[in-house]
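Read through the structure below, which is laid out as structure tokens, and then see the notes.
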């Protein structure tokens, strides 16, 4: 079902004067900060306003704590002994075999709707106000929720002032935009065996062993990273493309399903492509690896006629958890300032390319490992706003993911407008992960 919402986007400059983040100033005598500290300063100032101070404090602790993993069992190396071994150390299966439901609901009720805006009102009147679902959408003539929080755009980094206006001013709404929004029946479970430890248990998995065929028996990854694969709704014979495939966890999970007819992978980084090849070589037999095409390329700069009916774009992002954990190759390093500030434009370009390669009736899943609404809902909005001829529909994945939420596996943020956002939580420390499914209807 869908509801019609409308917004006339006026007086944007007036809205930009709303609540601002305090500027982060630095003493000339202070020691130089590490990139991870700049990341934390940025997150503290931004996310405390987006999610509220209490919610951000909880996520902050989780992001700084030990990350939780799941084990995706390799179907080409599975043994009964392995399953018993995982169960004996306290793991439980979280994604079982598929149900008798084979496909998405083929004919859900769909209506054309005015596209609701991606930035919710993130400063409620009361600090702990109960969320009213009606506020998720913008009614005709009411632009108040849009850009209700535009942060101060300057921070001091080392001895330089960094103007972050390019990043926070990425959202530039045009006039009314129309898009269909629909819900589906829950997807069938993936044909995979996935194990993790119960809530509150932070035990480590033993390193996977190689079996007699030389393949590793399971792959360790953040369980939230499986949700984009779930959202694809893979069906036998799908032509699939992963345009940001490295390092390879999601594309490996797709290969494990053995559903695709075509499996194309690309990445812009030579080192990451090599890592991708190494992972696929460690988990897939030669005949399965031969079915996967891997290309080192910036796909946004290549024009060919290849199209697909399922596409995954796990785009480059601020990678919030890693930005707090590691200084190496950190997106918040001074030498990567321009790259970081242009992330939304880069993400929009990749998503635009993917949607242009999507066949009518097909689906693209957009994902990030960032909590930032600028990189999540805003990128989805700005991308879809740019299409004038092609028509798309956003799928509400809340019902699809509800079984995982009900068992306490994931904590989802309930104010995203288009996608689903997994919030890190100490008792089940997965994520962050944003997932949005977009289908082409014309």
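Numbering starts at 1 and runs along the chain as displayed.
Here the Cβ of each residue, glycine as well, is placed from N, Cα and C on the backbone.
Of the residues 204, 304, 314, 320, TrEMBL puts just one in the S-adenosyl-L-methionine site with 244, 245, 246, 247, 248, 249, 250, 267: 314. The binding-site residues shown are 244, 246, 248, 250, 314; of these, the one with its CA atom nearest the CA of residue 369 (active site, nucleophile) is 314.
Those residues of the chain, other than 244, 245, 246, 247, 248, 249, 250, 267, 314, with a C-beta within 8 angstroms of the mean position of the S-adenosyl-L-methionine site C-beta atoms are 242, 251, 265, 272, 276.
Those residues noted as binding S-adenosyl-L-methionine (244, 245, 246, 247, 248, 249, 250, 267, 314) have their most widely separated CA atoms at a distance of 13 Å. If you take every residue in the domain 'SAM-dependent MTase RsmB/NOP-type' (154-441) and average the pLDDT, you get 90.
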